[in-house]
């Protein structure tokens with residue numbers, strides 16, 4: 001018997017064999033086909049890539065939306081009537097799905113696996129993940145549609161980092177793309193797509209609007225922190241303990257929601273009913289769905305306003321509290337407006353009141369304004385320390401500051417005689433803030449619970465922010481990042497140039513390695529039959545057997561000795577070559 005060159009070249013593909021086993025439970029040696037990807041392979045890879053991109057966007061959305069988690073739960077509560085922390089299952093499923101899809105995409109990218117190699121459960125898993133993501137988008141758009149705008153707000157902070165991260169990712173992926181293009185030994189659309197994507201990434205910073213790209217000497221003092229309903233992460237919202245905690249953690253002002261009781265006592269309550277934040281279902285079971293303003297103060301003050309906080313743990317902070325604080329929270333009652341105002345007066349703090357006017361059928365519908373003024377006088381707080389909304393009844397308000405929750409033009413604000421604007425961060429841009437400040441209109445932005453958002457507003461020059469987490473913002477002595485224009489331009493251009501140079505080097509290196517690998521294997525000396533046989537991966541046929549015979553005759557003519565013997569065993573016959581002839 002003689003040795004001859006192999007008909008196929010088997011490469012070591014440990015990773016591919018592992019992936020094949022994970023995908024389809026096939027753990028035997030797997031030889032990758034060099035044929036073009038089929039339509040099914042391309043379709044599968046498109047679905048997998050689409051799932052990854054959607055899940056990446058979904059994950060980013062929930063990362064930045066942490067600022068508004070409690071508001072999301074409150075909206076769900078208003079729709080369903082039951083208080084549950086809906087963010088826990090969303091965050092958990094998003095994390096699991098992202099890890100799963102990312103693993104499949106990374107392992108499948110070098111060569112989209114054939115559909116036949118995919119295990120049924122894997123296919124169902126990807127399709128189920130894609131369906132879940134789409135359903136999540138539809139649900140959020142229905143319940144929380146305005147929250148999508150936080151993506152644009154967050155880009156003011158994250159865009160420079162996403163730019164660098166995109167360059168790093170594209171540079172890493174270029175290794176796989178270069179290998180694919182070089183192996184095909186012909187031009188590919190992949191290289192053109194890579195070039196277009198790289199060009200878009202390099203020029204993306206031209207579209208960025210980042211307030212924190214500024215000179216340090218023009219940075220204004222940090223925004224004043226207003227305790228929104230106190231410090232609701234540390235104690236139940238709108239309670240005396242919550243307001244005390246806010247002042248202890250650096251809040252310079254307090255914000256509260258005011259409702260007028262049926263007997264004319266202003267008290268603090270955010271919801272229209274008492275179901276969520278009190279034990280009204282136990283004390284007054286027949287009235288749990290009744291509007292809170294139709295209870296008298298004696299009934300309201302008899303309710304417990306702390307048990308719900310310990311049971312629902314709305315901010316995941318109960319475990320961080322001391323046993324003494326938990327005991328105190330368990331005995332809290334609803335806070336009246338006069339109690340909160342007296343606390344603010346003792347601390348020389350200002351207050352921002354969101355007053356809910358009673359319904360027309362309410363006994364205090366015509367006197368709610370005087371009830372509130374009488375409470376201010378009773379508390380002994382200076383009227384210059386009190387700001388309230390809505391900005392109505394201006395003819396009756398003297399010595400009190402009023403703010404509007406609407407985004408109005410400067411002309412309209414001047415016409416109404418308003419000097420303060422309290423607005424949601426999604427409804428105001430960096431440009432709007434600069435215009436209002438230039439016309440001496442004070443701006444308060446809410447809710448601001450995350451350091452990144454606080455930093456963006458700080459760099460924008462916002463005078464004050466309303467926060468559920470004053471204890472968190474207190475620990476931000478300086479914007480999370482601040483960079484001059486010259487420094488950022490240097491980083492931007494340098495990272496672009498480095499990425500372009502590395503990608504070009506990768507392509508040249510892949511071409512060099514590919515050329516020398518095949519030169520070492522002697523592929524340049526193969527005759528046409530050998531090259532054709534090396535590409536054959538399907539079941540042997542008559543044409544294949546004929547090519548094998550031609551190859552054997554070629555080997556005999558190239559120097560096989562007369563005493564040497566070579567045997568070949570096709571699929572359905574036996575062909576023998578021996579000294580002196582051919583036998584079948």
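Note: Cβ is positioned from N, Cα and C throughout, glycine not excepted.
From the options 490-509, 510-529, 530-549, 550-569, the stretch TrEMBL describes as transmembrane segment is 490-509. The stretch that TrEMBL tags with transmembrane segment, taken from the ranges 3-25, 118-140, is 118-140. TrEMBL assigns the feature transmembrane segment to one of the listed ranges (67-86, 87-106), namely 87-106. As stated in TrEMBL, the feature transmembrane segment covers range 160-182 out of the listed 160-182, 229-251. When pLDDT values are averaged over the domain 'GP-PDE' (223-477), the model yields 92.
Long-range Cβ contacts of the transmembrane segment (194-214) within its own chain (Cβ-Cβ under 8 Å, at least 6 residues beyond either end) map to 155-157, 159-160, 163, 166-167, 170, 173-174, 177, 430, 455-456, 459-460, 479-485, 488, 492, 496, 499-500, 503.
Long-range contacts of the transmembrane segment (160-182) within its own chain (CB-CB distance under 8 A, at least 6 residues past either end) are made by residues 109-110, 188, 190-191, 194, 197-198, 201-202, 204-205, 208, 210, 213, 483, 488, 491-492, 495-496, 499, 502-503, 506-507, 509-511, 514.
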